[in-house]
Amino acid sequence: MLRRITCSSSLASPSLFLRFFRQLPRSYSSPTTIAVSGRNIRRLSTPTTLRCICSHSSSEIISEHPPFVRVYKDGRIERLSGTETVPASLNPRNDVVSKDVVYSPGHNLSVRLFLPHKSTQLAAGNKLPLLIYFHGGAWINESPFSPIYHNFLTEVVKSANCLAVSVQYRRAPEDPVPAAYEDTWSAIQWIFSHSCGSGEEDWINKYADFERVFLAGDSAGGNISHHMAMRAGKEKLKPRIKGTVIVHPAIWGKDPVDEHDVQDREIRDGVAEVWEKIVSPNSVDGADDPWFNVVGSGSNFSGMGCDKVLVEVAGKDVFWRQGLAYAAKLKKSGWKGEVEVIEEEDEEHCFHLLNPSSENAPSFMKRFVEFITG
């Protein structure tokens with residue numbers, strides 16, 4: 001059931017403990033060890049992948065956080081999900097072309113651009129809305145090159161007739177927070193360096209309408225979208241961002257935001273543990289780090305640097321009440337923009353990505369597109 005107003009419903013299921021940033025992929029199964037030719041072979045989360053784990057101390061696991069990451073004593077990092085990639089293509093797929101462009105040579109970071117194929121036939125001056133997208137994955141997994149994000153943005157670009165730029169950023173644990181926020185702001189600056197039509201990337205120069213720029217992201221990317229909109233306001237970014245879409249944002253804190261928020265201490269501590277041990281181990285505030293505890297950090301939202309915000313929440317998502325509390329705080333902040341809240345009562349975290357054939361996925365896509373085109 002779809003609701004556009006906040007309401008009470010049952011507490012998110014404790015079974016979400018291992019799915020709080022991203023639902024477990026359908027292919028995921030707990031790692032198991034089998035003996036082959038006298039060696040241990042550990043089956044990873046992707047069933048088609050096998051990796052030999054030799055019996056010596058360097059292969060000792062010192063930290064494991066399914067379904068995200070495994071850390072070995074010798075310093076190796078093994079991601080347990082979100083590692084599959086698909087290539088960009090200049091051959092139209094679903095009437096959309098794509099390509100990868102490096103925006104940060106120092107960190108070897110790229111953006112993936114998506115453009116309606118028909119736009120390449122348009123005369124100069126026919127500009128398109130510009131969508132800047134930040135992927136989810138708990139600041140640990142996924143990338144703009146993941147199939148779920150490539151496919152999602154292909155559909156968005158086709159439906160909205162826009163230019164999309166999907167941003168790669170450094171991920172934990174190799175690069176803890178705030179690296180992701182530094183990179184995404186650098187990407188925004190790089191994109192806006194094209195606003196006069198003289199940047200280094202031709203598609204942005206030719207097709208991006210900088211009077212119609214939108215930020216968007218899901219999960220960790222939803223959190224990043226908020227912080228980027230806030231920084232855009234603080235830095236007085238010009239032209240001003242038109243809107244921000246915040247989908248199932250990964251926002252947390254040591255304590256519940258209300259009586260309907262997750263009360264189970266095991267779940268609360270489990271979410272906090274991923275943040276404190278993997279994502280931001282240097283934070284002195286733990287789960288109350290202002291990057292993570294957006295609602296309870298005492299930050300002032302009145303300087304949000306865009307004109308409108310769409311907040312999407314899911315009733316079976318562990319971040320459900322945090323998302324609603326975020327929207328409520330934004331409405332009361334004195335910010336002059338418009339806030340719309342959409343609640344899918346019977347859906348889980350990022351259902352539109354993980355189950356695009358679900359009953360509510362088409363309506364989600366319709367609202368997402370209308371926010372950009374409306």
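For all residues, glycine too, the Cβ spot is worked out from N, Cα and C.
Using a 10 Å radius centred on the Cβ of Ser219 (active site) and all shown protein chains, the other Cβ atoms total 26. Annotation source Swiss-Prot lists active site at Ser219 (among others), citing similarity to another entry.
Sequence annotations record features per position, and here Swiss-Prot assigns active site to Asp317 (among others) based on similarity to another entry. For Asp317 (active site), the count of additional Cβ atoms within 10 Å of its Cβ stands at 26 [all protein chains shown].
Reduced to three states, the DSSP call for His349 (active site) is coil. The feature active site is assigned by Swiss-Prot to His349 (among others), with similarity to another entry given as support.
Residues or ranges marked as transit peptide by Swiss-Prot: 1-52.
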According to DSSP, which kind of secondary structure is Asp317 (active site) found in, if we only use helix, strand and coil?
coil
